[in-house]
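Participant: Have a look at the structure that comes next, please.
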Amino acid sequence: MKKGIAILGSTGSIGTQALDVIDHHPGRFRVVALAAGRQVERLAEQALRFRPALLSVADADAAAALRALLLAEAGDYRPEIAWGREGLIRAATHPESGLVLTSVVGAMGVEPTLAAIEAGKDIALANKETLVAAGELVTAAAQARGVKLLPVDSEHSAIFQSLAGADPGSVRRILLTASGGPFRGRKDLTGVTREEALRHPRWTMGAKVTIDSATLMNKALEMIEAHWLFGVPMEQIEVIVHPQSILHSAVEFCDGNIIAQLGPTDMRLPIQYALCYPERCRGFVEPLDLIALGALTFERPDEETFPSLRYARRAVTMGGTMPAVLNAANEVAVQRFLAGEIPFTGIFQLVAGVMDRHDPVQRPDLAAILAADRWARDAAREQPVRM
């Protein structure tokens, strides 16, 4: 029987690559729901190719545009079209799906992920912000419902694979690798342009995660994600800069052995691993040639120039709603940088300033997390930044 798949964020970088994986395994998967924002033309193309029963978009206007496109081209194919928060949750809980790939950007992934877990769906998690903002709620819900949280980030997929069959108590350190971004080795970030920051040396990604990689905030969020996914204290999670991005992460055990996962810089590999789990599907990505590669290098991150890693440790130490505030403030800071409102270094200023103003609520429920998220976004939009 084909595995039913719902994809939240199907028109983004991860979503489109996931559909490519599914296209390469036609006998294994069936797409039952696709959710996107406002890229209705791309969603219409995906819908005509995979013919899911349910489509969801950002709002009623996007739904009307999508419906018009499909009426013109779809023949007898008549999917249900939903929109907004309700549509996203309906896609996440579609009765025919066994696995939900959550690849929407930002904290908007929290509610549909929790809804999917409550509906008993396994989760292929590409939305790290969900665990950053609501890690305790999400992991507790997954454990209570007996569903799997399967990481899609290449680093967390590597850790997941390296931990296979291991006693969690035997872990000494998680070694989380980072490319270092486009500004590795640069001490002065004054004057960094939008174009420079969007030029990642290794990975092709969406704009938000590319900027996060340039500030090392992506790695900061991944530290928090690893903390919740694997139950490892932050002090046992070490970030190591690895410019080649071939060793995707590793686990050091109490006996001194280190187990790592290596592979090409192609997100279709960890996506395929999560979709096929617990099996391994036959690969179609060009395999890694270690002889041609020649050498792998490693170095410490520069936390003075790139303070994001410190912000992550501070957020988890303070606990409660502080990680959600870190995440929300960063999302707005990146938006403001991309819009030309603040300089690149203003991202750090803005995030630190919003965190300084927040008094975290301990052991928050979903309502408290969402309230903190809204507060942080408002604060980040209003906060002045030195130019």
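Heads up, the Cβ atoms here are built off N, Cα and C, so glycines get one too.
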Participant: From Ser162, Ser170, Ser179, grab the residue that Swiss-Prot records in the same 1-deoxy-D-xylulose 5-phosphate site as Lys128, Ser154, Glu155, His200, Ser213, Asn218, Lys219, Glu222.
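Facilitator: Among the candidates, Swiss-Prot records only Ser179 at this 1-deoxy-D-xylulose 5-phosphate site.
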Participant: Per Swiss-Prot, which of Gly206, Gly231, Gly256, Gly263 sits in the NADPH site along with Thr11, Gly12, Ser13, Ile14, Gly37, Arg38, Gln39, Asn127, Glu129?
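Facilitator: According to Swiss-Prot, the candidate sharing the NADPH site with Thr11, Gly12, Ser13, Ile14, Gly37, Arg38, Gln39, Asn127, Glu129 is Gly206.
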Participant: DSSP on Ser13 (NADPH binding site), three-state: which is it?
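Facilitator: SS state of Ser13 (NADPH binding site) = helix.
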Participant: Given a separation of at least six residues and a C-beta threshold under 8 Å, show me what packs close to Asn218 (1-deoxy-D-xylulose 5-phosphate binding site) in the same chain.
Facilitator: Ala178, Val209, Asp212
Participant: Quick one: of the binding-site residues Lys128, Glu155, Glu222, which has its CA closest to the CA of Ser13 (NADPH binding site)?
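Facilitator: Closest by Cα distance to Ser13 (NADPH binding site) among the binding-site residues Lys128, Glu155, Glu222: Lys128.
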Participant: Output, ordered by sequence, the same-chain residues six or more apart from Glu222 (1-deoxy-D-xylulose 5-phosphate binding site) with a CB under 8 Å from its CB, or 'none'.
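Facilitator: In sequence order, the residues whose Cβ lies under 8 Å from that of Glu222 (1-deoxy-D-xylulose 5-phosphate binding site) (at least 6 apart) are Lys128, Asp153, Glu155, His156, Leu176.
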Participant: Of all the binding-site residues here, Lys128, His200, which one's CB has the most other CB atoms within 10 A?
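Facilitator: Ranked by Cβ atoms within 10 Å, first place goes to Lys128.
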